Amino acid sequence: MATVVSFPKSECRIWSINLFFGTCTLYASRVALPLCATAVAHEYSWNKNDAGTVLSCFFWGYACTQLFAGAVADRFGGERVLRITTLIWALLTFFTPQLFDLSFTTRTPLLFVIIVRVLTGVGQGFHLPSMASLTSRHLTASDKGRVFGVCLAGSHFGTVVAGGVGSILLETFGWRALFQFVGIISLIWWVIFREMTTPHSSRVRTLSFGHADRVQPTDDSDIPLTNILRKSISTPSTGSTAGVPWMKLFTHPAFWAAAVAQYCGANAYYTMFSWLPSYFSDNFPNAKGVVYNVVPSTAIVFTSFLAPFMATRLFNKIHSLTYTRRIMEGVSLASMALCLFLVTWSSQFSSSLLLFTLAMAARGLHHGGVCVNPCDLAPQHTGAVFGIFNSFSSVTGFIGVYVAGYILHETENNWSYVFVFASAQCVLGSVVYSLLGIATRII
């Protein structure tokens, strides 16, 4: 069988751009509901607790998927898994308005909506671990962190596009148009990606999808999703995921330091990601949505792009990858903590917008820190380990986002409690990772 080879430089650029835009559409889909949460809640008579449940339940499916998504991608190839799962969540995104309306023909409309959101989360949960697996197989050690960080920056670019275009669509045509717009661009990317990775594509030869010990189906019809899951559970893997020394990883302090940092930073990010449109709508009803939905996300686009290159330059100066990761992640978390604490004292739109923009910019530095740590800790099992790492951040998606909604419901929209809670966790993550985080191989 074919052996796995590294991307040539030209192919590396092409696939970086392709995966960047794939992640862009992924996050455009993910941010669609938070952008229009106020309008949807008003139409369906949801309170803050209901809205928090609907916003957070996406991460129930997303987090559960992380437990096996990386292993499935490592075994069958991230490119194959992406072809199936992207189609699932893209279609669910496009038909979300119709499915929400359909929920009111059932006896439990809120439960029906929750199921739709959970299934969307399941579909999206495969994307990042599959991308991590794909890049780790076909990039040199020196390129992995930088390219993967650039691809992940697409998440923030997608948020900006959805925030800008989505705000206009929301004000002009209503919230349903937003989901249909995002669904269409997601399906367009799926068509392009499928064309690049199907057997007749010339790029398949460059990708060298074959793996000495990996299942090699000839087309998508040979690997339906249920078959992938059944085989991944019932059949011992003989590929790169075989014999993964999980116990060695789970008993290493550095793994848990990275996990804590991942959890704490993600809690603050997902709190802002899911609730900022509602925060500005509640506190500054006359403010333009196109401003507060775009400006903070634009800041994180720039810093997440720059972070991998900043980390490379820092490494060239201090010659320690461990201290490079600690500095990047420590500065990111500490800066977020400060901004979120200060925003509780802000009563002006301009100062609040500035602080949230700085907090989002600080989050972008994470792309030179813990975000790419799986490539350092487990270079041969990056997809599987990234999936586990991502599950820690996903947990905050359904716990942190729901807790924020619960706090707001119980305190009559006192946003200070929400942001102080997130700030305190960022301080914890910064201290733990700065003391115990490493960037050397564990397994």
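The count begins at 1 with the first shown residue.
Every residue gets a Cβ built from N, Cα and C, even glycine.
Curation plays no part in TrEMBL annotations; they are all automatic predictions.
According to TrEMBL, the feature domain 'Major facilitator superfamily (MFS) profile' maps to 1-441.
Among the features that TrEMBL reports, transmembrane segment is placed at 12-33 (among others). Same-chain residues lying 6 or more positions outside the transmembrane segment (12-33) and placing a CB less than 8 Å from one of its CB atoms are 40, 54-55, 58, 82, 86, 89-90, 93, 96, 117, 120, 124, 127-128, 131, 134-135, 138-139, 143, 147, 150-159, 161-163, 166, 178-179, 182-183, 185-186, 189, 192-193, 196, 203, 273.
Per TrEMBL, transmembrane segment is recorded for 53-73 (among others). Within the same chain, residues 30, 33-34, 37, 46, 81, 110, 113-114, 117-126, 129-130, 132-134, 228-229, 232-233, 237, 241, 244, 270, 274-275, 382-388, 390-391, 394-402, 405 sit at least 6 positions outside the transmembrane segment (53-73) and bring their C-beta atoms closer than 8 Å to a C-beta of that stretch.
The transmembrane segment feature in TrEMBL is assigned to 80-100 (among others). Below 8 angstroms of C-beta separation, residues 22, 25-26, 29, 32-33, 40, 44, 69, 72-73, 112-113, 116, 119-120, 122-127, 130-131, 134, 175-176, 179-180, 182-184, 186-187, 189-190, 193-194, 197, 209, 217, 220, 223-225, 228 of the same chain, each at least six residues beyond the ends of the transmembrane segment (80-100), sit close to that stretch.
Annotated transmembrane segment per TrEMBL: 106-126 (among others), in sequence order.
According to TrEMBL, the transmembrane segment annotation covers 147-169 (among others).
Residues or ranges marked as transmembrane segment in TrEMBL: 175-193 (among others). Residues 18, 21-22, 25-26, 28-29, 32, 35-36, 39-40, 43, 79, 82-83, 86-87, 89-91, 93-97, 162, 165-166, 169 of the same chain lie 6 or more positions beyond the ends of the transmembrane segment (175-193) yet place their CB under 8 Å from a CB of it.
The transmembrane segment annotation in TrEMBL covers 254-270 (among others).
The transmembrane segment annotation in TrEMBL covers 290-315 (among others).
Residues annotated as transmembrane segment in TrEMBL: 327-347 (among others).
For 384-409 (among others), the entry in TrEMBL reads transmembrane segment.
Among the features that TrEMBL reports, transmembrane segment is placed at 415-436 (among others). Remote same-chain residues near the transmembrane segment (415-436) are listed as 253-254, 256-258, 260-265, 267-268, 271-272, 275, 279, 282-283, 326, 329-330, 333-334, 336-338, 340-341, 343-344, 369-370, 400, 403-404, 407-408 (criterion: CB distance under 8 Å, separation of at least six residues from the stretch ends).
Here the transmembrane segment (290-315) touches the transmembrane segment (147-169). Their Cβ atoms form 3 or more pairs under 8 Å, with each pair 6 or more residues apart. Highest Cβ pair count under 8 Å relative to the transmembrane segment (327-347), across stretches 106-126, 254-270, 384-409: 254-270.
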